[in-house]
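Data block below; observations after.
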Amino acid sequence: MDELAKIRGRKVAAPITPRWTEDKNRLASVDEDKRERLMQSSGGAGPAPLQHLPLLDGWRALSITLVLAGHLVPIGPSGWQLNEPTAATGMVMFFTLSGFLITRFLIEDGDIRRFLIRRLLRIVPLGWLGMLLAFVVAGGANTGEIFGNLLFVANLPPASLVAPGAHFWSLCLEVQFYLSVALLVAVGGKRALLIIPLASAAITCARFYWQEPISIVTWFRADEILAGATLALIYEGWFGERVRRMVARPSIFLLLPLLFASADVRIGYLPYLRPYICALMIGASLYNAPGWLRTLCEWRSVVYVAQTSYALYVFHGIFAGSWLGSGDTLVKYAKRPFLLAATFACAHLSTFHYERRWNSLGRRLAGRSARADVAAGLAQDAAMPKNPLA
């Protein structure tokens with residue numbers, strides 16, 4: 001077949017096998033010694049880390065830049081009203097990346113305890129700190145607002161967000177996605193991830209039916225995360241090579257302005273397709289991004305902004321709701337350099353000092369969970385009766 005294909009000038013594509021099938025077959029054939037070596041090779045923390053995709057750092061840096069710009073600086077003449085679409089473009093990128101990365105992690109590993117330990121310790125400590133600071137800046141909060149925020153349900157009706165922390169609706173949506181997808185895999189295994197594209201389509205249909213082009217409520221916004229999760233399934237080959245080639249074909253430079261347009265609720269029905277335009281754009285970039293763009297995404301400044309993006313998001317809204325964000329138009333924008341400086345300073349301290357401690361704790365706890373699983377498996381194998389005829 002190979003020689004025939006060469007004669008005809010065609011390439012033979014390797015068949016695509018879903019990762020959950022590969023993992024199942026690989027683990028089923030691993031004996032006790034191989035399991036031990038597998039654990040040692042990954043530092044005792046379960047499967048080896050996912051392959052890093054530097055291009056995603058560029059998208060993450062762009063997403064937080066658009067959010068900051070949309071929230072903090074005037075974009076174009078005021079009559080054009082471009083600030084909200086700019087921020088919405090950044091948010092859909094943020095959600096798409098999150099859904100993509102989380103789903104890839106679950107495809108590779110699938111251990112719910114390790115997943116929840118690492119993800120919750122990644123987002124909750126800074127989220128709670130930001131919420132407490134928002135309560136202080138707001139001058140207090142009632143019981144419903146406190147519990148609604150700390151339990152990450154403040155974006156659900158009746159919304160219980162406080163003004164300096166109004167942007168924390170997205171953290172609520174993130175945590176709700178973590179818990180939902182973890183429950184999905186816990187009940188149905190990795191195969192249950194195939195429900196995600198259907199759930200995304202259902203939410204988009206609900207948005208269209210109830211005329212919700214953009215919302216902070218989970219069941220009218222989660223399709224942005226689920227579209228990213230669907231992209232992960234495509235990228236990992238769960239829907240075959242043909243679908244993957246379809247994703248790889250479009251030009252990201254045509255999709256990017258289309259994405260900006262889809263973030264503007266004044267443009268007809270296009271906003272309902274926003275999750276899928278963004279997922280297609282990011283997916284296409286993984287295959288056909290030009291070399292200069294890949295190099296740009298590896299610049300130290302771009303990587304730095306990507307690394308601090310979560311903390312930048314948390315602190316920018318808090319400072320915008322404080323004295324630094326107050327005053328009339330002239331005074332408010334005169335303070336902007338100080339607001340941005342304070343935001344970046346706090347984001348740096350948070351990312352490389354406060355959050356790093358929690359992330360390290362998450363890795364240690366996840367490693368203990370992995371070692372405990374292997375030890376339990378070895379003990380179970382040792383306790384099984386041996387076949388005397390073997």
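Heads up, the Cβ atoms here are built off N, Cα and C, so glycines get one too.
All TrEMBL annotations are machine predictions without curation.
What TrEMBL records for 56-320 is domain 'Acyltransferase 3'.
Taken from TrEMBL, the feature transmembrane segment applies to 61-80 (among others). Note on the transmembrane segment (61-80): residues 86-91, 93-94, 97, 167, 297, 302-303, 305-306, 309, 312-313, 316-317, 320, 333, 336, 339-340, 343 of its chain, located 6 or more positions outside it, place their CB under 8 angstroms from a CB of the stretch.
Per TrEMBL, transmembrane segment is recorded for 86-107 (among others).
Note on the transmembrane segment (119-141): residues 102, 149-150, 152, 162-165, 168, 171, 174-175, 178, 310-311, 314-315, 317-318, 321-322, 350, 354-355, 358-359, 361-362, 365 of its chain, located 6 or more positions outside it, place their CB under 8 angstroms from a CB of the stretch. As annotated by TrEMBL, transmembrane segment applies to 119-141 (among others).
Sequence annotations record features per position, and here TrEMBL assigns transmembrane segment to 161-185 (among others).
Residues 20, 103, 106-107, 181, 184-185, 219-223, 226-227, 229-230, 233, 238, 269, 272, 275-276 of the same chain, all 6+ positions outside the transmembrane segment (192-210), place their C-beta atoms under 8 angstroms from a C-beta of that stretch. According to TrEMBL, the transmembrane segment annotation covers 192-210 (among others).
As annotated by TrEMBL, transmembrane segment applies to 273-290 (among others). Non-local neighbours of the transmembrane segment (273-290) in the same chain are 53, 55-56, 59, 88, 92-93, 95-97, 100, 200, 204, 223-224, 226-228, 230-231, 234-235, 247-252, 255-256, 258-259, 262-263; each lies 6+ residues outside the stretch with a CB under 8 Å from one of its CB atoms.
Under 8 Å from some Cβ of the transmembrane segment (302-325) lie the Cβ atoms of residues 54, 56-58, 60-61, 63-65, 67-68, 71-72, 94, 123, 126-127, 129-130, 133-134, 137-138, 163-168, 170-171, 296, 332, 335, 338-339, 342-344, 346-348, 350-351, 355, all in the same chain and six or more residues away from its ends. Feature annotation from TrEMBL assigns transmembrane segment to 302-325 (among others).
If you look up TrEMBL, you'll see 337-354 (among others) marked as transmembrane segment.
When Cβ-Cβ distances below 8 Å are used as the criterion, the transmembrane segment (86-107) is approached by residues 19-20, 50, 56, 59-60, 62-71, 75, 115, 119, 170, 173-174, 177-178, 181, 185, 190, 193, 196, 214, 221, 224-233, 235-236, 259-260, 263-264, 274-275, 278-279, 282, 309, 313 of the same chain, each at least six residues removed from its ends.
Under 8 Å from some Cβ of the transmembrane segment (161-185) lie the Cβ atoms of residues 71, 91, 94-95, 98-99, 102-103, 106, 110, 112, 115-116, 119-120, 123-124, 127, 130-131, 133-135, 137-138, 141, 145, 148-149, 152-155, 192-193, 195-196, 216, 218, 221-222, 225, 229, 313-314, 316-318, 320-322, all in the same chain and six or more residues away from its ends. Averaged across the domain 'Acyltransferase 3' (56-320), the predicted model reaches a pLDDT of 97.
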